[in-house]
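Right, I'll just put the structure down here and ask away after.
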Amino acid sequence: MESSCMITQVQREEVLVQAKPGLVSKTSLKKPRNRSIFKALFCCLSAQNVSRPAGPSDPPTQKEEAHPSPKVSVYLMHTCLSQVGLLASDLLQCLQYQYYQIPGTSLLPEVTPADKGKICMVIDLDETLVHSSFKPISNADFIVPVEIEGTTHQVYVLKRPYVDEFLERMGELYECVLFTASLAKYADPVTDLLDKHGVFRSRLFREACVFHQGCYVKDLSRLGRDLKKTIILDNSPASYIFHPENAVPVQSWFDDIGDTELLSLIPIFEELSDSEDIYTSLGQLRAP
C-alpha cells in the first residue's frame, strides 16, 4: 500500500471546486469559497466504472483497496473532466447519485442517555481539523508512527487553529462522531492525540464509507440516527454527496496560522444545537 493512499486529503495544487453559496460559515456567507478536488480521494479509484455503491454482496476488492494507483487515478479524473468539458464546479453533477442502503445495519451504537435529544454532528478529520504529511514539518503538533508493509513511517500532523476550542464546545452541545475516509491505522492514533477532551463518542473510518463512483462517500442514512437531527461538517463535497442538505461545508485547511474558520463556526453551531429540524434551520442560513 502506498502511504499517500492511507490519508484521504485534498491537495492545494488540484482543481478548485466552487462551493455552493450561502452555506453556514460566516466567511462563506460573505464570499465565494473555492474547494479542492481530492487527489487522495481518487487514489483508490478502480480503472473499471462503479455503477452503484458497494453492498454486502460486492464490496471493494482487496486489490482495489490495498493496492491503489494514484497516478492512474488522478489521470482518469482529469481526463474524465476534460473530455466532457466540465468545470470543476460541475463535479457534483458529474457524480450521478444512485442511492443504495444496506438494510438493518447501523454504524453507530445506541444513543447514550447523556446524548439523548442532541443532534448528531459528523466531523471530518483531514483538512477539516488537521493537516498531515509524510514530509517532515518543523512545527508539527504531533508526529505519529504508522507501519506500512512492515516499514514504520512518521506522519507529521498540524492542528487547525482553534480546533481545541471548537471540539470542546461541540462536545458540550452535540453527539460528536468522527467520520474519515482515511485508514484507521493513521486516523485512530491522530484522533487519540487530538481529542484530549474525549469529544468523539464514536469513530468511523474508510471501511465505513460507501465506495461510489470512485469516491468514498459518508452515507449518513447508515448511522442509525434521525437525518433531520444529523449534521456533517466536511471540506469535501464528494463526502456528503448523498446528503448535501445535511452538510455544513468548511474551507480546506493546510497550514494558515491565521485561519479562523472553526472559531467562526462556534456561534453558528451554538444556535443550531437546539434545532428540531436541521433541514429547516440550515435552509434559513443558506437563504439569501
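Here the Cβ of each residue, glycine as well, is placed from N, Cα and C on the backbone.
Bear in mind that TrEMBL entries carry predicted annotations, made automatically and left uncurated.
TrEMBL feature annotations, pasted as is:
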ACT_SITE  Asp124  active site, 4-aspartylphosphate intermediate
ACT_SITE  Asp126  active site, proton donor
DOMAIN    114-272  domain 'FCP1 homology'
SITE      Thr180  site 'Transition state stabilizer'
SITE      Lys218  site 'Transition state stabilizer'
For the domain 'FCP1 homology' (114-272), report the average pLDDT of the model, please.
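Its mean pLDDT is 97.
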Going by C-alpha positions, which of the recorded positions (Asp124, Asp126, Lys218) is nearest Thr180 (site 'Transition state stabilizer')?
Asp124
Tell me, by DSSP, whether Asp126 (active site, proton donor) is helix, strand or coil?
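The three-state answer is strand.
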When you measure from the Cβ of the residue listed as 'active site, 4-aspartylphosphate intermediate', how many other Cβ atoms are you left with inside 10 Å?
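There are 24 of them.
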For Lys218 (site 'Transition state stabilizer'), what is the tally of other C-beta atoms lying within 10 angstroms of its C-beta?
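Its Cβ has 29 other Cβ atoms within 10 Å.
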Whole-number Å distance between the CA of Asp126 (active site, proton donor) and the CA of Lys218 (site 'Transition state stabilizer')?
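Cα to Cα, Asp126 (active site, proton donor) and Lys218 (site 'Transition state stabilizer') are separated by 14 Å.
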Can you tell me how many other Cβ atoms are located within 10 Å of the Cβ belonging to Asp126 (active site, proton donor)?
26
Could you measure between Asp124 (active site, 4-aspartylphosphate intermediate) and Lys218 (site 'Transition state stabilizer') for me? Cα positions, answer in whole angstrom.
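Here the two Cα atoms lie 10 Å apart.
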